[in-house]
Amino acid sequence: MEDLELEGSLKELFETPSLRWIFVGGKGGVGKTTTSCAVAAQLAKTRESVLIISTDPAHNISDAFTQKFSNTPTLVNGFDNLYAMEIDSRYQETFDFKMSNLPSAEAASFSLTSLLPEMLQAVPGIDEALSFAELMQNVQSMKYSVIVFDTAPTGHTLRLLAFPDLLERGLKKLSTFKDKIQSALQMLNAVSGQQIQEQDFAAKIENLKAVTTSVREAFQDPAHTTFVCVCIPEFLSVYETERLVQELAKQKIDCSNIVVNQVLFPVGGVQDEGCRPPASLLASADAETPAPLEELLAPPAARGEKETAQEENARLRQLIRRMQIRLLALEKSYHSRRAMQSRYLQQIQDLYSFDFHVVPIPQQPEEVRGIERLLRFGDLLSSCRPLPILPPAPSSS
């Protein structure tokens, strides 16, 4: 039986009620925030409550919704069930997992990373993993039907998704610091006047282990969590997407959807054959230098001068020719970009169309900002269209 390509839309994602975490990511500048905001707005049509969280330090969801958000969930204007929040910079910069769940109130401000700087040196990246653990622990306690994550560019996102493994290694490393833990606790108690017991510390470690286990299980459950890759049909973006897809597979995180943004589709009345303007027309256009456009558009009568019928015909011919040259230049740019995009669209189709929902989104004529445009973008994500791949160029032989 012949394999069939999967439908090119996010319709299946929008119609899967069990999904609770949807991550949207890819290379910087490809439209991740636009896509994640449109996904959240689309989900708000059918789900009871939706939260979109920005983990990107750039925090662009405020720009997309044209509304300022903070590190607490805020209702998005125009909705009664869509909330947005931008993670406080402490998650990215402080990396200080506080001992907030310790049994004793006196230990509430106790900090694991400040107590054991040796641990940070022994396990590179553990500080960031601890901050991700705090983030995901908070997310797990949130009572929303579905949460959409607008992630930072690929490298940061991969570290977020891999934090359970890194944190697990770090916690195992703690067993080698037993003597240092005891002496550090004694020193901290002497300086602060508090009485933080070793069992308090052990309780926090067990809590960290529980968070790590539960988040890993949620990440690896395709009914609960999925990842939407966003790219554009250019080399670096396609390369980064393949890297992301492979890493997600390695982490056993479901990824079934790839949004290909900023795609040039055929323009009515413009021939795609050969994907280039006729060489003879381009050559003649390049060779000509007509009069300035302002001069051609302003008839002499407007300047109080007379113009013969012959002069008027010559001026209009030059004006038409000038317009032809401009049109040819636009067509040349269009054909060149269409040909370039087509090569990468072919690669995307060959790599992903049988295992992923590949969703091409047309290049938008204006910035996608505000609820109305985001909802229109969401409708594009829900509808199918084929990848606009050019046919092979005819052989010259």
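Any Cβ shown, glycine's included, is placed from N, Cα and C.
The domain 'ArsA/GET3 Anion-transporting ATPase-like' annotation in TrEMBL covers 20-266, 334-381. For K27, G28, G29, V30, G31, K32, T33, T34, E234, N261, the entry in TrEMBL reads ATP binding site. Annotation source TrEMBL lists active site at D56. What TrEMBL records for 302-333 is coiled coil.
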(request) Measure from the CA atom of D56 (active site) to the CA atom of K27 (ATP binding site) and give the result in Å, rounded to a whole number. (result) 12
(message) Return the count of C-beta atoms lying within 10 angstroms of the C-beta of the residue listed as 'active site', excluding that atom itself.
(response) 23
(request) Express in Å, rounded to the nearest integer, the largest CA to CA distance found among the ATP-binding residues K27, G28, G29, V30, G31, K32, T33, T34, E234, N261 named in the record. (result) 19
(message) To see if you understand the setup: which same-chain residues, six or more apart in sequence, place their Cβ under 8 Å from that of G29 (ATP binding site)?
(response) none
(request) Rounded to the nearest Å, what's the C-alpha distance separating E234 (ATP binding site) and the residue listed as 'active site'? Just drop the number here, would you? (result) 23
(request) To the nearest whole angstrom, state the Cα distance for the pair D56 (active site) and G31 (ATP binding site). (result) 13
(request) Count the other Cβ atoms sitting within 10 Å of the Cβ of G31 (ATP binding site), across every protein chain shown. (result) 21
